[in-house]
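The structure under discussion appears below in the form of structure tokens.
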Amino acid sequence: MLVLLAGIFVVHIATVIMLFVCTIANVWVVSNAGNASVGLWNNCTNTLCNGTLSYAHEDALKTVQAFMILSIIFSAISLLVFVFQLFTMEKGNRFFLSGATMLVCWLCVLVGVSIYTNRYANDYNTYYGSEDHHGYSYILAWICFCFSFIIGVLYLVLRKK
């Protein structure tokens, strides 16, 4: 049981870090030449990020930004609640709150990345031409979506033990 808890803790920390990286990094869409990328916050060419997105005023982008920030917050809260509950609560109710908080994080990632996929990622050829592809931030966001769901469910299952 201790090995399982340690493994979940490590994956949870990795998820928090990956959520932070994918939200901050401006590599959601990359040109195949590798000299330009688009993120949630900036448009970067070569190593210079000028901070202007052509669609920065759109509500869809602001919604994606908000939900990705909320997912970081809920994931960090869930991690702190997990550590707190590990030492203070009785066995039957131990990880219910941390699991529920992690599932809220999962929903935030789902909403944020789904809106980005619907609004921007399906039409990413309009940024730099036909030679664009998804960047590592976009892929990390979907990986965090999977990890946060698995961690949330595992916390809810572990509350019974």
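Even glycines carry a Cβ here, placed using N, Cα and C.
The feature transmembrane segment is assigned by TrEMBL to 7-30, 66-88, 95-116, 136-158.
Only residues 6 or more beyond the boundaries of the transmembrane segment (136-158), in the same chain, are considered here, and those with a CB under 8 A from a CB of the stretch are 4-5, 8, 11-12, 14-15, 18-19, 21-23, 25-29, 39-40, 68, 71, 75, 78, 82, 94-96, 98-100, 102-103, 105-106, 109-110, 112-113, 116, 121.
For the transmembrane segment (7-30), same-chain residues at least 6 beyond its ends with a Cβ under 8 Å from one of its own Cβ atoms are 36-44, 49, 65, 68-69, 71-72, 75-76, 78-79, 82, 102, 105, 109, 116, 120-121, 124, 127-128, 132-138, 140-141, 143-144, 147-148, 150-151, 154-155, 158. Beyond the transmembrane segment (95-116), the same-chain residues lying 6 or more positions past its ends with a Cβ under 8 Å from any Cβ of the stretch are 12, 19, 28, 40, 60, 63-68, 70-71, 74-75, 77-79, 81-82, 85, 138, 141-142, 144-145, 148-149, 151-156, 158-159.
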